[in-house]
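S.K.: One structure follows; several queries about it will come next.
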């Protein structure tokens, strides 16, 4: 491709941009030869250079790709162009049979809902057993003790109780049948083998797989609340903990709760209402005194407990024992201290009412205002003393 052809091509491109040049297919072909000898021809439709199909090109193509007939290449390419240029035939829907399948679903009649019946649960996943033939005066505790013989009972996280149920009539009297849910399917198999025909106070009970029947229409108000992801995780951890293999504690091993000492009669709750700063002073006093017996990990003052309770947690149970021996029966602020080991169950928090909370906030606000007022007066007095000191120093300086 010489310089004149290149300039002509640039001129045509500029005219095309301005919309003044509309090349026709009958126009003279524009070609250029590449460095490797390939001849390219300008395609007016695609507006690009494409390899020119001539005898030399066909011969080169046959050498590289082994095409048998060059005419086929030309015919195929022409056929492809003609096929692509052929417009698609319009689709007519003459009757219901010619309608597309994706829209046929709209014309299908609605399926009737099946009548309420038995819920089919796979035996491998069914953890419930139905028990009949029970004594009419049986209690939940007695029923639970019987069913526990074959495995661990599922715990209901909502009710915080074992998932057992004794069916009752309209008057609230037991009907002699019940339901039990196990944690493992193996427990269900054992219950069917062992408890079926089991004698309970002279009555043989019948144990079988539980089946559930829908009664009436669905009532959304009776639907149980679903557990959150956090509750599910906690519930699963508790369940897995029941099946963990844990070695029995060694003889003489101390419990974790024995590290905590409960001190009573240490204060009066009204003392903190009058002066909240006493909380910090009391905690510092207990910290310094209990540090004599060992490393103190935690101190909690239950300031609303009328027994004046303070819990002190040590690093080792032996340190807590020394604290109990030293402080139990000792007098503090005209009160006799009671020191004992925490049983691990008793709670000492006392929730305050809304009135008590509002009263506490008001007193705290007054305490803060009094503190700020005294601080301002002290700062003013300090400035006054400074001024007096400077005045008194002036004569001595002149002297």
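Cβ from N, Cα, C; glycine included.
Keep in mind that this is a model prediction, so the values were computed, not measured.
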S.K.: Scan 8-43, 44-79, 80-115 against TrEMBL and say which stretch is down as region 'Disordered'.
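M.R.: When 8-43, 44-79, 80-115 are checked in TrEMBL, region 'Disordered' belongs to 80-115.
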S.K.: From the ranges 344-371, 372-399, grab the one TrEMBL calls region 'Disordered'.
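M.R.: TrEMBL lists region 'Disordered' for residues 372-399.
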S.K.: Averaging the per-residue pLDDT over the domain 'RRM' (127-212), what integer do you get?
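M.R.: Average per-residue pLDDT within the domain 'RRM' (127-212): 90.
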